[in-house]
């Protein structure tokens, strides 16, 4: 399964692609941080990100897109750009029929390091080890995007998809309305309808 | 000049297209409210809105897109969906090289009714009169989208674009870094680069 992880942001948007391997392993396919200049207007920055994100979807053809969930913090102004980029990437992925999964920062940290309060350095170190990279991905947004993708592969495995051995009670989970990809029934129907329309 | 006004929202997204006429008049071309079910996941809703918005851009080919600016309010959770839809529509318009203008709710109300604190009914009544419609557009989101488009046409006129008579000191304003469409210099350059690339 190929997963595109997205750490959404207007100034720096991290994108990381991994292929899952057996036994909870994964291989890095690509990683980059898209940057847009803060001197440009927001619409230009979002237009540039839309072009770049669609081109990543075309190039890497992921099976699923995992995006860090934006949370309400103290200062609303700082999350506005992040919310706009997350909305843009969610919409662009979903319109292609791609499943989109959201993971909170603490879910990602907990999955990667074992602690939901790990710092950026711990996350980067674990991402480097898990993907057996020769050097740590930089900047932090690059490592975060890969961490989101890894987190999704493992949480997918937990719910019965990524490792073959875990498939034994997949039907049970299907009947509970969720499948191994982390898709809701409505998402499955939408994806199917889009596939049939094309 | 053809203007597409957008009142962004996840549950109801108002879209209104007007053509400007001489003497601060305007004609309605189309109006609708896109709805997505709150029972669907956010990515599906954004995917559906992306498809619908792009199809409006294809069908009506506006010269400019005017979007209501999202503001930080008391409750962050309620503006998250609006921020995501505004980011999506801004990105989809800008990637085509279309100029995108943002107007605050009070700018729109003041332009249409003369008061920045007008209620929805006053805005709807004025939109109906300005566009010489036989019936008031419903629901309020439809009237709001048209109001945003009208507001943009008038603010554009004020800065020297929409009415021929106002062009006499356009060069002065050009040299001040803003043109009549309400575009910044960077937006103009981006739009030009995109046009040339296609």
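Using the three backbone atoms N, Cα and C, a Cβ is placed for every residue, glycine included.
The Cβ of residue B:7 (active site) lies under 8 Å from the Cβ of B:13, B:14, B:15, B:68, B:141, B:144, B:145, B:148, each of these being in the same chain and 6 or more residues away along the sequence. Look at TrEMBL and you will find B:7 (among others) tagged as active site.
Per TrEMBL, active site is recorded for B:68 (among others). Cβ contacts within 10 Å of residue B:68 (active site), excluding its own Cβ and spanning all protein chains shown: 24. A strand conformation is recorded for residue B:68 (active site) in the three-state DSSP classification.
Residue B:141 (active site) carries a helical DSSP state (H, G or I). Over all protein chains present, the Cβ of residue B:141 (active site) has 23 other Cβ atoms lying within 10 Å. The active site annotation in TrEMBL covers B:141 (among others).
Here TrEMBL flags B:7, B:141 as Mg(2+) 1 binding site.
TrEMBL lists B:68 with the feature Mg(2+) 2 binding site.
Summarising the annotation, TrEMBL assigns region 'Disordered' to B:160-198.
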DSSP state at residue B:7 (active site), helix/strand/coil: strand
